[in-house]
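All remarks here apply to the structure that follows.
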Amino acid sequence: MESISGWQVSLLGGIASWVVFSSMLNVTGKIRSLTQPWVSHQVISSTPISLKIQKYQHGFLDGLFTALSCVVSVPFYTAFLPLLFWSGHCKLARQMTLLMAFCDYIGNCIKDVVAAPRPSSPPVRRVTATEDEKENAMEYGLPSSHTLNTVCLSGYLLHYVLSYAEISDISTQLVGLATICLVVGLIGLGRIYLGMHSLIDVIGGLIIGLGVLAIWLSIHEYIDAFVVSEQNVSTFWTVLSLLLLFAYPTPEFATPSFEYHTAFNGVALGIVIGIQQTYHHFHHEDVPRLFTSDLAILAFLGRALVGIPTILLVKFCSKALAKWILPIVANILGIPVKSTSYIPTLSVSAMSKKSDGTRQAGYLQKLFFFSHQETFDVDTGIRLLQYTGLAWSVVDLVPYVFFRLGL
């Protein structure tokens with residue numbers, strides 16, 4: 001039988017204690033009262049800077065910065081990471097996935113704690129050319145998630161490439177660093193140009209991103225060793241994922257940030273469970289890699305053509321099963337539930353309840369969701385299971401299909 005380590009008990013116990021005491025002491029409200037006025041003032045005072053940048057408005061720049069924003073967005077990484085797994089660079093893929101989940105959690109928590117506004121439009125012109133950007137505009141401003149994610153993921157990618165290829169040439173390292181700085185600078189400038197963020201949001205994203213990257217570079221080898229070889233991984237990560245949902249701060253008003261975290265929380269959980277089960281079969285260091293004789297480009301394209309429809313089918317089935325099972329389980333356990341979007345019948349019943357159905361529950365309400373004062377939003381569980389199933393299929397089911405098809 002698997003044993004649980006002392007550090008696992010300490011970490012999970014620490015998070016659970018934080019959930020309880022932060023609710024009792026209203027930590028979120030106190031931090032918000034200290035930070036929100038100052039950040040809001042900075043957003044307003046930097047409006048002239050945004051307007052000066054937008055004086056250079058041009059259709060080409062609109063398209064360029066919109067495209068750059070899409071390339072470094074969460075949906076793009078969600079689509080790109082499966083291909084990275086299937087290319088044979090499994091360690092890089094799982095590290096990038098877990099780092100993305102870490103960045104997403106930290107960034108969205110800070111957004112909903114500070115609850116700082118985005119630049120006022122008008123006078124600032126806001127360009128939301130895609131549905132993803134329209135949803136992003138519904139979130140709070142500080143920090144800029146695009147800037148934070150770009151700093152962390154591009155920085156880690158540079159570290160991985162230099163380490164994997166054993167590049168010690170200083171000039172090559174400087175070229176790589178300069179390229180990363182250019183990309184980050186363009187992303188930050190683009191977020192201001194598009195009217196999505198103010199200067200303080202971009203600076204905050206840069207500083208927080210550098211901090212998160214520094215932390216990750218100091219612990220990533222330990223995390224990877226734990227995921228691929230240690231005991232009790234799946235159970236520990238499942239409990240951790242649930243606690244992180246409970247520990248998420250209550251925003252001043254409802255935003256999509258909690259939904260984004262829930263989705264990527266599920267992705268991280270599915271990846272960890274799948275890797276733990278199939279590491280020695282499909283994800284060890286000797287698997288065929290793209291651009292080698294062991295994995296030709298045509299074979300990789302075949303993997304993509306087979307794999308993408310498969311994971312989309314699993315995502316659909318996971319969502320359907322969760323929508324069917326979770327309300328039944330909740331009813332058996334006597335847990336009052338509501339649905340904000342997935343189950344219309346539960347959404348209608350929730351509208352008649354006294355509690356505000358548009359806001360996420362507080363810390364203790366989310367932990368003790370059977371409280372008579374709150375109902376549990378079943379959409380959270382559905383979304384978590386949906387993306388857990390999607391990610392599990394990327395690293396477990398689909399590689400097995402590749403094996404059976406000779407890909």
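For all residues, glycine too, the Cβ spot is worked out from N, Cα and C.
Nobody curates TrEMBL annotations by hand; they come from automatic prediction.
Of all ranges given (6-27, 138-159, 380-401), TrEMBL attaches the label transmembrane segment to 6-27.
Checking the ranges 87-104, 231-248 against TrEMBL, the transmembrane segment annotation falls on 231-248.
By the Cβ criterion (under 8 Å, sequence separation of 6 or more), the transmembrane segment (231-248) is in contact with the transmembrane segment (6-27), since 3+ such pairs are found. If you look at the transmembrane segment (295-314), the same-chain residues 6 or more away from its ends with a CB under 8 A from one of its CBs are 82-83, 86-88, 288-289, 389-390, 392-394, 397-398, 401-402, 405, 407.
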